[in-house]
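Peer 1: Take this structure first; my questions come after.
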Amino acid sequence: MSSLRIPIALQQAVMRCLRHKLQLANQHLGTDYPEPKINYHQRGTSAGSAYLQSFEIRLNPVLLLENQQPFIDEVVPHELAHLLVYRQFGRVPPHGKEWRWMMEHVLQVPASRTHQFAVTSVRSKTFNYQCKCQQHALTIRRHNKVQRGESEYRCRECGEKLQFVAKKTC
């Protein structure tokens, strides 16, 4: 898979936001946390991930390119907050009260667990499954688990086990 090139100006905007929010946190908390490593290798529909032990933030390059400033304003502080909470409080729920406090009171950003970016360009292929009451689209990962007999999925409405609907060939 070839990686997307993130323009230097966009990388610099990410780093400006990261450094500004980190400075706010260090001043507010009386700490001197180092700058986390940033990479642009996040895949799928996730906008970003925080790697706690390695103090690293992984950002989705496609969603960054498609949503530039809103992405920087929301996702960079969101992932930074995870790292700071881990350093400050240890292992706590990922979007718990400590994380919300870090987002709103320290980083001064509204605490939102999920992004609202369009994901059609990064959504993976889905497979059709059916129950008694409706059709379901399973991701390739879930489909493969069903095919290998490792998992089964049930409808939340009727409780019936989902059955794969094979595509008809002519």
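If you go along the chain as it appears here, the first residue is 1 and each next one adds 1.
Every residue gets a Cβ built from N, Cα and C, even glycine.
As listed in Swiss-Prot for this protein:
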ACT_SITE  GLU79  active site
BINDING   HIS78, HIS82  Zn(2+) binding site
DOMAIN    23-165  domain 'SprT-like'
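Show me how these features fit into the structure around them.
Peer 2: The Cβ neighbour count for GLU79 (active site), using a 10 Å radius and every protein chain shown, is 23.
DSSP assigns HIS78 (Zn(2+) binding site) to a helix. For HIS78 (Zn(2+) binding site), applying a Cβ distance below 8 Å and a minimum sequence separation of six or more within one chain yields ALA47, GLY48, MET103, VAL109, SER112.
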Peer 1: Sequence gap of 6 or more, Cβ distance under 8 Å: name the residues on the same chain that satisfy this around HIS82 (Zn(2+) binding site), in order along the sequence.
Peer 2: ALA50, LEU52, PRO94, TRP99
